[in-house]
Amino acid sequence: MISRWLLLIGLLALALFSQPCATEKAEPQINSTPFDHEPFFMSYFEDSDTILMLTTQRNLFRSFDGGKGWERVDDMDGKMKQHVVSVLQHPSDKDKAYALGSKGRHWITTDRAKTWNAFTIHQSPAIQHEPLVFHGWDSGKVIFQTDECIGTFCIVKSYYTTDDFKTVSPLRVSAGGCAWAVGHPQFAEGLNLEDQIRNRVLCVVSGLKVPAPYANRLVYSDDFFSNEADGAEMNLHQGRPVSGVQTTAAVKKFLVAAVKSQGTDEMALYVTLDTKVWHRADFGGHRVEQDAYTVLESTNYSMQVDVLTDQSSMTGVLFTSNSNGTYFTRNVEHTNRDRFGHVDFEKIADIQGIVLVNTVSNWKKLESDHRKKIVSEVSFDDGRTFQPLTVGDKHLHLHSVTTYANTGRVFSSPAPGVVMGVGNKGDHLKEYSECDLYVSDDAGVTWRHALDGPFKYEFGDQGAIIMAVSDKGKIGEIKYSTDHGKEWHTAKLQHEIFPKMLTTTPDSTSMKFVLVGSKESTGDGFFVYSIDFGSLHGRKCEKDDFEKWPARLNEDGEPDCLMGHKQFFNRRKANADCFMDEEFKDPQPIFEPCKCTAEDYECDYNFVRSEDGKSCLPAAPLVPPAGKCREKTDKFYGPSGWRLIPGNNCIREGGENLDKDIERTCEDTNGSPETHMSHKQVFDNSKQFSGQYFYLERQASSSGNDETVLMLTREREFWVSHDHGKKWEQPLKGVQIVAIIPHPYYSDGAFLLTGGQEAFWTVDRAYTFKSFKVPIPPTRDDMPVFSFHPQYKDWLIWTGAVDCGHGDCHSDAYITKNRGKDWDLLLRYVGKCEFESRKNRPDSENLIFCEQYANENKNNHKQLLSSDSFFADSHVHFDNEARYATMSEYIIVASHDPNNANSLIASVSVDGKTFAEAKFPPNVDVPVKTAFTVLDSSTHAVFLHLTMGVLKGAEYGSIIKSNSNGTLYTVSLNAASRDDRGFVDYEKMQGLEGVAVANVISNVDTVLKKGAAAKKVKTKITHNDGGQWMLLPPPAKDAEGKDFGCSNKDGKASDKCSLHLHGYTERWDSRDTFSSGSAIGLMMGVGNVGDHLTSKEEADTFMTRDGGITWKPIKKGRYIWEYGDSGSVIVIVPESRPTKILHYSLDEGDSWENFKFSDVDMLIHRLSTLPSDTSKNFLLWGKEQDSNQLATVNVDFSSLREASCKLVEDGQDSDDYYLWEPKHPLQEDNCLFGHIEQYHRKKLAANCWNNWREPHVHSIGKNCTCTRADYECDYNYEPQSDGSCALVPGLPKPDASIVCKEDPDKIEYPELLLGYRRIPQTTCMGGWEPPVVFKPCPGKEKEYKKKHSISGIGLFFAIVTPIAMASAAGYYVYTRWDGKFGQIRLGEDIGGREAILSRDSPLVAVPIAIIAGVVAVLKALPLLAISLWRSSSSFIRTRRDRAYSRPYASRGSFAARRGDYTSVVDDEDELLGVEDGEAEGEEEEL
């Protein structure tokens, strides 16, 4: 008995004394490593203890033991030290990582950082684009990208490797970067497309003609752009290419392309599963705007996208797509976002269907209260429904992505069901510092308090270990839990730190953690801690320590089904006293199938959800089976609209079968065409047509299909129609509106003025209007009241009247950045003020130009000022300015000549900082320059009309054209006609480069003697941007088949017989143009055939289909016209005479049909349609003959045809389209500006609609050799009657040797340069060029002679060797040739050895040519010395020209041959003059 007591006492003593040892062993092992510089990147290689860490000193470190030991990484050459700027790990290959260097040297590891191999690309990795783009199937394929950006314009150079950078090849230059079609391992999975898309690359490249983002194209190549340099365009929209592609993104099995058009903020998202078939994503009428959407973490069967809804409050709407990414359903309103696009959204890791989001509960009050009240919600059914987070009976709210204080995922990890977050109980989320740590071990169903205060946290050992560190100041300990956060233990750190980062392995299976912190809050000195819980020596979990845990529960607490199955995990019980101890082995889910329910189905293609979500409705009329639907009351069996979600594995037997065919009525199908094509509305209270109507053009990337028209009557009543005039409404009834001002850069917006300080705006296409106050009444001066910012739609400058009742009436300018909510005074005593921000002007976002009277006194002269600080300070450009105009990329200023107060000086700036005086051609003799008109300047040159004659009714001048910077001018066309207001009969053809029509006074001398009544006007056309002008060729017969009063045998124009058209100055409305930007090649006009233009009463209507080369009559008399559906329908109506009939053509004017649009005759004042001419609706404005009341008639042609034309974008014709090439009438080929363009034109017989919102160049076919048409006369030279350029009479020949003085190293100079310069747009190579004779620079005769001479021995061999070789070959052939010279042999077959010596053999033909050439060589000997150096210099020059002319390689794609190629837009004329006048349309008289 005593011995038993002794044994018991001994055991107790042993346990007592051994307890401290056991406690000591229970502590985690903690090691620290000091660093001088902050670690800012840390990442594990998956399924390993290997970590990469990058410090701010650009040193890369690695650890192979979970952070316990560190070593700096270097390559064999020792060049990695302090040169690594970023590190990226391969997303799908766990062995690979990439270190990108700062000096063109980069590194790759393929063995988890053990070894590093260098590769060289002599450029820095891209910053604004992804530097590395990975292939989803083959980890050896990577695209490396660099970028150079000026503002929003970037040049991206891409390189590619297919063998882990053992070899690197250039891919191409682009505007938005390149990506693999297979961007994710799940893309095209199971579609058997491996051979087709394995090497496919997609690139966002510049437009063929405009290097602006709205013209970007998405092209692809399957051979790395080796065979076809530009690639093929991707057909994104209904089988057609789309302009404005911004970027692409790989999202699981989806590939997404984002598109944005000019003139709208709205973006279109196009989605594909195979790169072949693309669909536009439908967000149920919700707008997706640029920089206002975020593609979130998505599933294998749907995408999650959050769309910004309120810029000021930063809230959004969460959408979830169907399985093909085309139709999106709204899940959550008012999601919380930040200004970087981050969204408070996270899917619980490895568990299907559970989502945590934060929303803003006080979103309605955010305009007055900027403090968001954020609440947290959770969904257990993939976002269909949401519920609050709860701690007991209290609501819990957690900080999420927008305020996350650690790396990696916010709430969850692969540890099944264990979720944590920092937050608080209550009605909304508090500041981070006021929150506590909470934990859930049932995937968010229930929560409990874990620790007081905010913490960083991580999960280990599949959730068996949770580690946390306080995030509230300096710490000296860590917290950890082994029971899902119920109880917490503490471990001390060796050094106190401010924690920066806590991390562990990505799969959360390890028991090792890494903590990074700084010694001080300022970041001076750093420690990296390795914390290993493996030292706790707990037992390994066994079978009884696990539970079968259901991942999701329904409202009844039962396991819930999602995608046709229930999901379970074998999970360690929270109170189990064991560790998993299975490093790098991920928890495996267990699935149990369910019977199919409605939740397992989605709407099929071409079906959309009903508003209640219970059925799928046809998105387009159904096509019934053959023989069905003879009557509307018939029925047929057709698709239900449902389909089983792809990837859903529910059990159909015993479940719902929603996708079986159902009985449908024939009312759901295509019906018979509508016969009621016209809709008339008479406005009872309107007696006069004011002419004020405006369309809100819908851009290609805009959703919806309304065609909105705004109209103002003479009685100041404002009307709106959203269906192109079929129905009208008065949204501001009773309010008198004096002006409608559409936003020039944002086609969904407009402003309405009342004449006082109340005004209205709309930004949603006139569906809603908001009132606002302008700071002062509108200006009384002749200038615009509004100026709009090109990039920021809410930035406005208002110019208003001040002190007009006190004798000092003047204008002040105010600015707003929030669409009139707040105004700030900009400048007093102003003239015109404008934003001058342009994409081609770096750092011009805040640049504003203003005219201001000196010393704020209107009696003083005007100054032109600029400021980029909203006039906190400013710069005076001109002290005595008359007016200024902004045209495309140029700012053109007219200032008073200090030597002649009645004369003007023109100055030009491209950058808005430096101005240069315009040098007018010396052959334009205008001693007193009283006025000049700025014409269209969209082709990188300024066109000016310089007034020379001001005789009333016979005003004229010279059209002069500048070089690319707008400073040096040459005469393009003399005696161009203008009117007394300064407007010019000049119009550029839309859609085609370099084509313009102008009217000239052909008998100026007679007019000066006899007066304006004697003037004769002729019409001329240019096809090379003003380089050459010619008369319009006359048609042979009139519209009735009769002869004209004159004719030409060859059909060409002559001085006695040509076609003449009434031009710009005779139009009622400046918007009525000859041509259309979408109806490529078409022009219409009213005029006559003869030796000059006659009155309008004698005019007929003519048309061209080939850009003005040939013309045909279409109707006798004057008609007004409009184009529709990109030219596939043309409507004309008689001008100024009563009618009830209009005429229309569906074949580009070959035939015409009549349509009766009214039962009574009407006098039509205007015929209008969308400015893009892409609508099938037309609107007639006028009045009934016996009434003075305004009436409108809508005519809708859409019912005439049903199908859309089918396009084949492979360079071939299709059934509906052919490729059309513009041409020059003086050239045999189709070269214009040095290249051949190809456009898709609808075949005349094709019975379909274009339905294409934007004109599209198919390709630039090829570059051409240069001809005379690629050159124009240089400064001081003028064109001659034979087309040559000659020095202006009386001017001395330019001293070409001045180049020798400017460059002392020059050896020679061009002694004779015949006055030509290349047209800026041309891309031609080689061919014709002006002859140049070079002479030696003074004192460089010896060098010149040495450069161009040939040595005696060289000359000898150059002559003798070819003759000797030719003679020997000739003798050999002569002795063996079957024919001999002069012999003819008939009927003999030639074969074997003799065939080599037959007459057709190259061996015979070539020596004979050489022998024949001997005589020529001998005759050419005297010229040999001259020709040798000339040919070599010509070769060098040609090579140089080719280098700089190479098209479409970088910035401008179409015009990369010029370094100053910039974004351009078409602008109307602006007149610069001394006298004030009345502005009309969009032109401005200065």
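Keep in mind that glycine also has a Cβ here, set from the backbone N, Cα and C atoms.
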Which candidate, of ASN31, ASN324, Swiss-Prot gives the annotation N-linked glycosylation site: ASN324
Within-chain partners of the repeat 'BNR 7' (1144-1153) [C-beta distance under 8 Å, separation at least 6 from its ends]: 1082, 1103, 1105, 1112, 1114-1115, 1127-1132, 1197, 1200, 1244-1245
Distant-in-sequence Cβ neighbours of ASN324 (N-linked glycosylation site), under 8 Å, six or more positions away: VAL271, LEU273, HIS279, TYR605, PRO646
Chain residues outside the repeat 'BNR 5' (719-729) and at least six past its termini with a C-beta under 8 angstroms from it: 679, 681, 683, 706-713, 765-767, 1169, 1175, 1177, 1179, 1192-1194, 1196
Rounded inter-Cα distance in Å - ASN1263 (N-linked glycosylation site), ASN300 (N-linked glycosylation site): 46
Cβ neighbour count (within 10 Å, all chains shown) around ASN965 (N-linked glycosylation site): 18
Stretch-averaged pLDDT - the repeat 'BNR 4' (480-489): 92
In three-state DSSP terms, the structure that ASN1263 (N-linked glycosylation site) belongs to: strand
Glycosylation sites: ASN300, ASN1263 - member with fewest neighbouring CB atoms within 10 Å: ASN300
Reduced DSSP assignment, ASN300 (N-linked glycosylation site): coil
Rounded Cα-Cα span from ASN965 (N-linked glycosylation site) to ASN300 (N-linked glycosylation site), Å: 54
Helix-strand-coil residue split for the repeat 'BNR 7' (1144-1153), DSSP-based: 0 helix, 3 strand, 7 coil
Residue counts (helix, strand, coil, in that order) that DSSP gives for the repeat 'BNR 6' (1102-1112): 0 helix, 4 strand, 7 coil
